[in-house]
Amino acid sequence: MASVLQKLITPLFSGPLEPPRNKVTVVGVGQVGMACAVSVLLRELADELALVDVVEDKLKGEMMDLQHGSLFLKTPKIVSGKDYSVTANSRIVVVTAGVRQQEGESRLNLVQRNVNIFKHIIPQIVKYSPNCILIVVSNPVDVLTYVTWKLSGLPKHRVIGSGTNLDSARFRYLMAERLGIHPSSFNGWILGEHGDSSVPVWSGANVAGVSLQKLNPDIGKDTDRENWKETHKKVVDSAYEVIRLKGYTNWAIGLSVADLTESIMKNLNRVHPVSTMVKGMYGISDEVYLSLPCVLNSAGVGSVVNMTLTVDEVSQLKKSADMLWHIQRDLRDL
């Protein structure tokens, strides 16, 4: 006797379907990983989402929770597994795994604790998705993006750190709040390290093409009577403040990562401040990853915008690079 399914559906094709073309994998289903996953789903960027973690019960629970919302989503397949075979044929892999930053802890103090974890993760990702683009989110993101590049063997344009995309978003929000406009109407960039030594590009800050530095030549300096420099200090302190208040940061970085994912998936050629290999740029001679304005497209980092920086801004950028290299040079087994 025919089943309900057989009576209801008449198949016209029974062969194998093509593998997913826009599969996204998120490694690590903690607060940040799930914020990235949900943001990608809500922006309809993936035709398959894979989740990977070592904590199997939580992993399965997160997968089921998302699957139960399938009616409200347009991603036909959501899978998970401890084994990296579940990530096969990913176009973009978002790496959020690692130990969490504690209150008052510098991102750079996290490095050695996370490097050993990456030694197990990255080779497995590349094994199953050799053509993927890697977006590293785990902190300290600049050093761990360098570590990922070394461990993966992938070309530098396909290994990207989330970098100062979020720092710049915080900067634009805080500056726009003070100016009484929407964040998208304030143009400003934070470059360098994602964290304590980030570099605000005051020389390029503008609204509708009007340079704030021309209106106030001292903007961002200690001599500035309006104390705009305080805004950058708030950017640096904001992550620590959120961690103090709620224990972690997740929503803003999730939205930021989805923004990067969209530019790559849709080949948008949008410019984002993300962490990329900067050796040979701005007089930096070491192999370090720092955030510069990068054109993101289907290749990953398609190109880097040569921003006109002041002597002081270049000096700060070099200082960022020196600090990161000082840590990287002592890393082993890369």
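Note that Cβ sites are derived from N, Cα and C of the backbone, with glycine treated the same way.
Features reported for this protein in Swiss-Prot:
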ACT_SITE  HIS194  active site, proton acceptor
BINDING   30-58, ARG100, ASN139  NAD(+) binding site
BINDING   ARG107, ASN139, ARG170, THR249  substrate binding site
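Around ALA50 (NAD(+) binding site), the same-chain residues six or more apart in sequence whose CB sits under 8 Å from its CB are LYS23, VAL24, THR25, VAL26, VAL79, SER80, GLY81, VAL86, THR87, SER90, listed in sequence order. For VAL38 (NAD(+) binding site), applying a Cβ distance below 8 Å and a minimum sequence separation of six or more within one chain yields LEU66, GLY254. For THR249 (substrate binding site), the same-chain residues 6+ apart in sequence whose C-beta sits under 8 angstroms from its C-beta are VAL32, ALA239, VAL242, ILE243. Listed recorded positions: LYS58, ARG170, HIS194. The one with the lowest count of other Cβ atoms within 10 Å of its Cβ is LYS58.
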